[in-house]
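Record features, source Swiss-Prot:
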- 1-55: topological domain 'Extracellular' (TOPO_DOM)
- Asn7: N-linked glycosylation site (CARBOHYD)
- Asn12: N-linked glycosylation site (CARBOHYD)
- Asn40: N-linked glycosylation site (CARBOHYD)
- 56-76: transmembrane segment (TRANSMEM)
- 77-102: topological domain 'Cytoplasmic' (TOPO_DOM)
- 103-123: transmembrane segment (TRANSMEM)
- 125-145: transmembrane segment (TRANSMEM)
- 146-153: topological domain 'Cytoplasmic' (TOPO_DOM)
- 154-174: transmembrane segment (TRANSMEM)
- 175-195: topological domain 'Extracellular' (TOPO_DOM)
- 196-216: transmembrane segment (TRANSMEM)
- 217-223: topological domain 'Cytoplasmic' (TOPO_DOM)
- 224-244: transmembrane segment (TRANSMEM)
- 245-261: topological domain 'Extracellular' (TOPO_DOM)
- 262-282: transmembrane segment (TRANSMEM)
- 283-293: topological domain 'Cytoplasmic' (TOPO_DOM)
- 294-314: transmembrane segment (TRANSMEM)
- 315-324: topological domain 'Extracellular' (TOPO_DOM)
- 325-345: transmembrane segment (TRANSMEM)
- 346-404: topological domain 'Cytoplasmic' (TOPO_DOM)
Amino acid sequence: MELRVSNTSCENGSLLHLYCSSQEVLCQIVNDLSPEVPSNATFHSWQERIRQNYGFYIGLGLAFLSSFLIGSSVILKKKGLLRLVATGATRAVDGGFGYLKDAMWWAGFLTMAAGEVANFGAYAFAPATVVTPLGALSVLISAILSSYFLRESLNLLGKLGCVICVAGSTVMVIHAPEEEKVTTIMEMASKMKDTGFIVFAVLLLVSCLILIFVIAPRYGQRNILIYIIICSVIGAFSVAAVKGLGITIKNFFQGLPVVRHPLPYILSLILALSLSTQVNFLNRALDIFNTSLVFPIYYVFFTTVVVTSSIILFKEWYSMSAVDIAGTLSGFVTIILGVFMLHAFKDLDISCASLPHMHKNPPPSPAPEPTVIRLEDKNVLVDNIELASTSSPEEKPKVFIIHS
């Protein structure tokens, strides 16, 4: 049996969590029998105080770091894929794996791995509804770096779209819940047995298999949404696995018996399969389509699926007020509008320098003066007939009847 204290000391009114196998019991101290406080209880209360006071901000900082690393990794991986195309090797979209021999691609992969580790920690300390929308920062970083290092165009409207994405993410962070609803691996296992989540997971898995084996071979190279939707749907499983493993690590250092629980091993297998699938199809999308187009659309779909999964699995929105729910939804819609501006107007040549020279309607060119020919001016008509016949001798002669 494991014991964990939820308050700073074992005073009257303090709460005790008792764990026995997969069961949890919450007890309250109603009378002091001894003035001494066990050292073990003091240690756990210190951990609980750190989690309650600083856990949200630690998760927020790790999410910022993760966004920067992931946004930079896309550029490095794209440069590796471009170098692969220059050598004439089989492209990733055609089933080639030549990028595995490229140092630039591996640099991008390791950078992405570091970003995912930071993301891993962020999900362990903060709710998924907070961490996931901060991926908009990686959209901003990826779009800006691609314009400098990949020579991909990013006009004024695209930059404005990036700013709108960041503003929407800020609104979501302000209104998102700060308290986690699942704090132990036993609670995670109980949530995953819920009927609503099981139905949701089965629907995602079936749709993903249809996309991979039926739709992607036919339309994947022509439609950018196919590969991106596959990565986004798989992302729901990877985020749930990351969240569960993060909770497992925290519980391990808290002294809970997580090693004997089967769920961490199942989540590790799910994470390995989902990440490998995501990397494969994201490489195919980056190999064909523009980076500044792939990453924003991927962010919108990925965030939508993950937030929906978090609502169903972790029930993070159940304790939120109507104002916070409306603010979170408004922030997400703002992000979608920013992403739309980022890729819908990417081909327009608009910059700050060109704005003063743009006119609503160009000035009309002066109309030519009409030539007036009177009916009685027979000499002019005859001259026109002669000029027409001499300029194009191959044409058949035309007969004009002049009425006097």
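A Cβ is built for glycine as well, from the same backbone N, Cα and C atoms used for every other residue.
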Summary of DSSP states over the topological domain 'Extracellular' (315-324), given as helix, strand and coil counts: 3 helix, 0 strand, 7 coil
Counts of helix, strand and coil residues, the topological domain 'Cytoplasmic' (283-293), according to DSSP: 9 helix, 0 strand, 2 coil
Helix, strand and coil counts within the topological domain 'Cytoplasmic' (146-153) (DSSP): 4 helix, 0 strand, 4 coil
Averaged pLDDT, computed only over the residues in the topological domain 'Cytoplasmic' (283-293): 80
Highest-contact recorded stretch vs the transmembrane segment (154-174), from 196-216, 224-244, 262-282, 294-314, 325-345, CB pairs under 8 Å: 325-345
Cβ-Cβ under 8 Å with the transmembrane segment (125-145): same-chain residues at least 6 beyond its ends: 51, 55-56, 58-60, 62-64, 66-68, 70-72, 74-75, 115, 119, 154, 158-159, 162-163, 165-166, 168-169, 172-173, 176-181, 239, 243, 246, 291-292, 295-296, 299, 302-303, 306-307, 309-311, 314, 316-317, 328, 331-332, 335, 338-339, 342
Long-range environment of the transmembrane segment (294-314) - Cβ separation under 8 angstroms, sequence gap at least 6: 71, 74, 127-129, 132-133, 135-136, 138-139, 142-143, 161, 165, 180-182, 191-192, 194, 196-197, 200, 204, 224-225, 228-229, 231-233, 235-236, 239-240, 243, 282, 285-286, 332, 335-336, 339, 342-343
Stretch among 103-123, 196-216, 262-282, 325-345 sharing the most Cβ pairs under 8 Å with the transmembrane segment (224-244): 262-282
Long-range neighbours of the transmembrane segment (196-216), counting only residues six or more past its ends (CB under 8 A): 226-227, 229-230, 233-234, 236-237, 277, 281, 305, 308-309, 312-313
Long-range neighbours of the topological domain 'Extracellular' (175-195), counting only residues six or more past its ends (CB under 8 A): 19, 22-24, 55-56, 126-127, 129-130, 133, 240, 243-244, 247-248, 250-251, 256, 258, 261, 263-264, 312-320, 323-328, 331
